[in-house]
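**Q** Pulled these features from TrEMBL for this protein:
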DOMAIN    174-223  domain 'UCH repeated'
DOMAIN    239-299  domain 'UCH repeated'
Amino acid sequence: KTLLQARFDAAISADPSREGLRLASPSEALNILRRFILDSLDPKSGRVKFPARNKRFITAFGTDCDELLDGLGFSYIGPENKGGEGAWNLPRPDVSSDPLNTNAHQLLLEDVVEELLVLVWQRTEAEKQGIATLIYQPVPAMRDFERSLGSIGYDQAPSARRNIDLTKEEHPYYASLGAVGDFSDTLLGFAYDRQAECDPINVPYYFEALQDLAQGRQSEILQTKVATLASQGQLSRKDIARAYSYFGFDPNHAGAITDDIIISQFHSRLPDVGPSQAEEMREVLRTLGRSRKSRILEQTASG
């Protein structure tokens, strides 16, 4: 607004007797540039230039926007004094209707038109009142993204909605599995299998994610898969952390704890517990053995 006021004051000072000059609002200035560029992209518009002293232009852009205009492809013709009788030629890109067009100048101007439209739309309602041509109806690009990524028609959860609310974050465990929230239960199970196969060192984390999502979805398919994996000895990070804590170790320092230290702790506690607690202690030791892939821990637990 400060710059627009300065341009208006400069226009009045340059020609005090000129009628029709008025202070431009930010939304008007943005929309004027947008209209100029739209004309330049329309071969049928017939408009190729405008006077440098154009009332709307001089109050919106003055004489201090040359770098912006030059960068967009506008070109000035006329006397050096741009407040005189010169004119600005509109950009003239080689406009193509081909959707695969790679004309850099046309693509730049098309992007600028969209950005200006968004910037105008973000102004206050009072500012936008006088702009009759302002219609902001963005076309959702999700379908195009899905087509490009080959993900149209993938198996979805029955309650899934394709309208994505970008203001609401999905549970991070979906991203951990390389999935999104509308995956079907079967597809989510497949995502877990792929992560486990490709990144075996982090399987406990992926299993934890699967456990949590199975519970949150109340999914019989996923809960069955979790139970099957658990019966096969699969552990989550929480299972492993609980096992270290059971023996009084800090899970965050597991790398510094040797098998001998764990076995020593096990043997020191074993004589002081009853049969049922002893079996519980052995099961915890087996958990640590499986997580550390330690045969000596598993053998000790079974001994």
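Backbone N, Cα and C atoms are what each Cβ position is placed from, and that goes for glycine too.
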**Q** Looking only at the domain 'UCH repeated' (174-223), report the model's average pLDDT.
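**A** When the pLDDT values over the domain 'UCH repeated' (174-223) are averaged, the result is 93.
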**Q** Helix, strand, coil: count each for the residues of the domain 'UCH repeated' (174-223), based on DSSP.
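**A** DSSP classes over the domain 'UCH repeated' (174-223) add up to 39 helix, 1 strand, 10 coil.
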**Q** Helix, strand, coil: count each for the residues of the domain 'UCH repeated' (239-299), based on DSSP.
**A** 51 helix, 0 strand, 10 coil
